[in-house]
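Peer 1: Would you mind keeping the following structure in view while I ask a few things?
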Amino acid sequence: MELKETNRDPSGAHNFAFQNDSESVDATNLKGLGDSSQKIKNSQNKRTGHTNQGDEDINIESDLRENKHAAVDEEQPRLKGPLEKNYDKICFFYKKHEFRIQCVTYGILITAYLAGVIAACILNFQRALPLFIITVVAIFFIFWDFLVATYEDKITEFFSPGERYLKKKWFWLKWVFRAALVITVICWLIFDTMEQGSRQLISFGGLVMYVLLMFIFSKYPTRVVWRPVLSGIGMQFILGLLILRTKVGFDIFNWLGIQIQTLLEYSDAGAMFVFGENYKDHFFAFKVLPIVIFFSTVVSILYHVGFMQWLVGKVGWIMQIFMGTTPVESLVAAGNIFVGQTESPLLVRPYLPYITRSELHAIMTAGFSTIAGSVLGAYISFGVSSSHLLTASVMSAPASLATSKLFWPETEEPLVTLGSSLELAKSESRSLLEAASQGASASIGLVANIAVNLISFVALLTFLDSALSWLGNLFDYPQLNFENICAYVFMPFSFMMGVDWEDSFLVGGLLGYKTFFNEFLAYERLSKLIHNREKGGSMYINGVKQYMTVRSEVIATYALCGFANFGSLGLVIGGLTSIAPSKKKEIVDGVFRAMIAGTVACFMTACVAGMLTVPSLEVPCHVLLRNASNSTDFPAKTVKLVECCQQLFTSANNSEKIFPEANYNSSSWKLCCQILGQPAFHC
């Protein structure tokens with residue numbers, strides 16, 4: 001007896017993938033069935049002696065035949081109803097014309113969107129200007145991606161003669177570029193110093209000092225490639241120049257900061273619903289931490305639709321082209337602008353086992369020198385400038401690659417090169433709702449980590465201050481505390497960034513908080529100083545300075561904008577070893593150097609901000625004059641100061657009041673008398 005029929009799937013088609021296995025299984029079952037029938041026959045013979053073997057075989061064969069006919073009956077096609085037939089026709093028509101239907105649908109949606117944009121611009125162009133700019137930028141990049149994907153070979157062929165010429169003449173062209181760069185920097189420093197004062201020179205000197213320190217303590221000083229270092233600093237300077245020195249760039253980032261701040265305020269609705277109307281009574285727990293949850297949800301949705309991968313890819317490509325860094329480290333550095341230090345390596349997770357030690361060091365440095373978008377909202381809620389936080393996040397990305405390649409130069413041959421087709425990881429969620437839910441759930445660990453760390457660190461800091469005060473009291477110095485110790489240690493570094501000398505002690509204490517604890521404590525302390533300045537009042541109480549100048553606040557904002565602290569060491573080691581176990585030894589060996597490089601990258605960003613910060617872009621006249629009168633090294637004459645003093649005296653000529661505006665004080669008045677050399681009756 002032989003079983004030849006093979007298994008079929010429920011649709012009636014042969015399942016070739018499992019056909020051989022099915023035949024062997026059926027043969028085995030048949031053999032087992034025969035064995036069991038033989039045992040039954042023998043037992044029956046022993047008991048009765050009247051069992052007929054032929055009848056038993058017939059019964060077995062008839063049972064198998066009936067089972068086979070039943071299976072065939074089940075496999076016969078079922079008649080479909082009219083509704084089901086029409087549905088199949090529609091599906092067939094859609095599959096046949098799927099591309100055309102999608103083109104028509106997208107065409108209708110795009111036409112409707114453009115019509116809405118045009119209508120909004122006609123009604124009020126000023127109000128619709130942000131939408132118009134976003135639309136133009138989106139259209140540009142869509143066409144750019146289309147051209148690159150379609151005509152990449154032709155574009156490469158078109159520019160290949162120029163590339164060959166540059167390679168041929170590069171030996172003397174690089175010296176021309178370097179000479180032009182040096183001359184440009186010198187001329188800029190001369191003219192900028194004449195206009196803004198000498199404080200920018202201190203920030204420039206600090207930038208040079210940090211580069212030299214990184215070179216001296218480099219892992220391989222003789223193997224340093226200066227292209228990524230100088231290109232990274234150059235990108236920092238260009239970004240800072242566009243954002244901090246041009247009104248258009250400043251307005252764009254200021255607008256972006258306002259929009260992000262507005263977006264984050266929607267988290268108040270969820271916090272109020274869960275915790276009640278008095279949720280702000282517990283500001284940090286019920287106001288700040290819900291922002292982290294909400295922002296994590298938004299980022300997860302952007303990942304699902306592919307926007308984050310597209311944006312990270314574009315930024316990484318720009319840094320890769322200009323700096324000459326590898327695709328992996330460029331993409332991770334770009335990703336750290338938007339996500340955290342443990343999330344950004346997931347973008348290139350398949351390539352992590354093949355990266356070099358220098359690339360691994362660059363990935364860790366990028367994580368230490370930037371902050372995650374989720375906690376960015378928390379710092380904004382403290383009262384720190386949103387535009388400066390955004391600028392710091394963007395500027396620190398190229399700075400991280402520059403310091404990394406200076407502190408740990410490349411000594412191996414990278415396996416993942418420019419010619420490799422690098423694909424970013426995609427979202428695992430299947431719908432927008434699932435993406436939002438996953439984003440909110442993923443933030444649970446982050447929120448808990450922030451809360452427990454702050455509880456433990458604040459308690460530890462309070463205990464440490466109490467112990468140090470007791471120790472200092474033994475030597476008649478009860479003011480001794482952790483902040484004072486850190487202030488003295490970091491005071492020279494903060495001054496070399498361009499911080500006013502009388503403010504460098506406060507900024508040094510903030511840097512100590514950030515390095516030995518975390519940036520949350522430092523920004524919380526900075527927000528108190530900002531609020532004290534905005535409220536006004538005495539600058540010194542019992543010999544302790546209560547607030548800083550705006551310039552010092554701006555530089556401190558940039559210097560603190562990074563995850564480089566001792567608490568993040570364990571986070572980086574645990575996060576990276578979980579996704580790249582084969583690199584555990586290299587991660588442990590290089591993580592401390594990466595933290596130092598990340599810290600210096602933040603300091604370099606602060607130096608560039610100190611070179612380029614112009615108070616006139618954001619500070620009203622009464623605040624500018626008050627800061628100038630309180631500062632010992634404020635520039636004697638700047639264009640903005642002269643304009644503010646002229647405005648003050650002009651308003652005085654048209655007013656009977658001695659002080660035409662309540663915001664101006666006698667110190668501001670005396671300063672303007674010195675600047676303009678006004679007659680005595682004004683002063």
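Count begins at 1; order follows the chain as displayed.
Keep in mind that glycine also has a Cβ here, set from the backbone N, Cα and C atoms.
As annotated in TrEMBL:
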type	residues	note
REGION	1-60	region 'Disordered'
COMPBIAS	17-27	compositional bias 'Polar residues'
COMPBIAS	35-52	compositional bias 'Polar residues'
TRANSMEM	103-125	transmembrane segment
TRANSMEM	131-151	transmembrane segment
TRANSMEM	172-191	transmembrane segment
TRANSMEM	197-217	transmembrane segment
DOMAIN	206-277	domain 'Concentrative nucleoside transporter N-terminal'
TRANSMEM	224-244	transmembrane segment
DOMAIN	285-383	domain 'Nucleoside transporter/FeoB GTPase Gate'
TRANSMEM	288-311	transmembrane segment
TRANSMEM	317-339	transmembrane segment
TRANSMEM	360-382	transmembrane segment
DOMAIN	388-610	domain 'Concentrative nucleoside transporter C-terminal'
TRANSMEM	440-464	transmembrane segment
TRANSMEM	555-579	transmembrane segment
TRANSMEM	591-612	transmembrane segment
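Would you situate these features in the structure and describe their surroundings?
Peer 2: Note on the transmembrane segment (103-125): residues 131-132, 135 of its chain, located 6 or more positions outside it, place their CB under 8 angstroms from a CB of the stretch.
Sequence-distant contacts of the transmembrane segment (131-151) (same chain, six or more residues past either end, CB-CB distance under 8 Å): 113-114, 117, 120-121, 125, 314.
With a cut-off of 8 Å between Cβ atoms, the residues of this chain six or more beyond the transmembrane segment (172-191) that come close are 166, 200-201, 204, 230, 234.
Packing against the transmembrane segment (197-217) from elsewhere in the chain are residues 189, 224, 229, 233, 403, 406-407, 495-498, 500, 551, 555, 597, 600, 603-604, 607-612, 633-636, 638: each is 6 or more residues past its ends and has a CB under 8 Å from a CB in it.
When Cβ-Cβ distances below 8 Å are used as the criterion, the transmembrane segment (224-244) is approached by residues 181, 207, 211, 215, 218, 250, 252-253, 319, 322-325, 391, 394-395, 398-403, 405-406, 409-410, 604-605, 608-609, 611-614, 617 of the same chain, each at least six residues removed from its ends.
Tertiary proximity for the transmembrane segment (317-339) is limited to same-chain residues at least six positions away from its ends with a CB under 8 Å from its CB atoms, namely 225, 227-228, 231-232, 235, 299, 308, 311, 345, 347-348, 351-352, 355, 359, 362-363, 366-367, 369-370, 372-374, 393-394, 397-398, 400-402, 404-405, 414, 416-418, 420, 422, 424.
Residues 257, 260-261, 264, 267, 287-289, 291-292, 294-296, 299, 325, 328-329, 332-333, 336-345, 389-390, 393, 396-397, 399-401, 403-405, 407-408, 443, 446, 450, 519-520, 523-524, 526-527, 561-564, 568, 572, 576, 583, 586-587, 590-591, 593-595, 597-599, 601-602, 605 of the same chain, all 6+ positions outside the transmembrane segment (360-382), place their C-beta atoms under 8 angstroms from a C-beta of that stretch.
For the domain 'Concentrative nucleoside transporter C-terminal' (388-610), the mean pLDDT of the prediction comes to 87.
Sequence-distant contacts of the transmembrane segment (555-579) (same chain, six or more residues past either end, CB-CB distance under 8 Å): 203, 340-342, 345-346, 349, 352, 363-364, 367-372, 384-385, 388-389, 391-393, 395-396, 453, 457, 494, 497-499, 507, 510-511, 514-519, 522-523, 526, 548, 587-588, 591-592, 594-596, 598-599, 601-603, 605-606, 608-610, 613.
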Peer 1: Are there residues at least six beyond either end of the transmembrane segment (440-464) with Cβ under 8 Å to its Cβ atoms? List them, or say none.
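Peer 2: Same-chain contacts beyond the ends: 284-285, 289, 292-293, 296-297, 300, 340, 374-375, 378, 481-482, 517-518, 520-521, 567.
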Peer 1: What counts of helix, strand and coil residues does DSSP assign across the domain 'Nucleoside transporter/FeoB GTPase Gate' (285-383)?
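Peer 2: For the domain 'Nucleoside transporter/FeoB GTPase Gate' (285-383), the helix, strand and coil counts are 80 helix, 0 strand, 19 coil.
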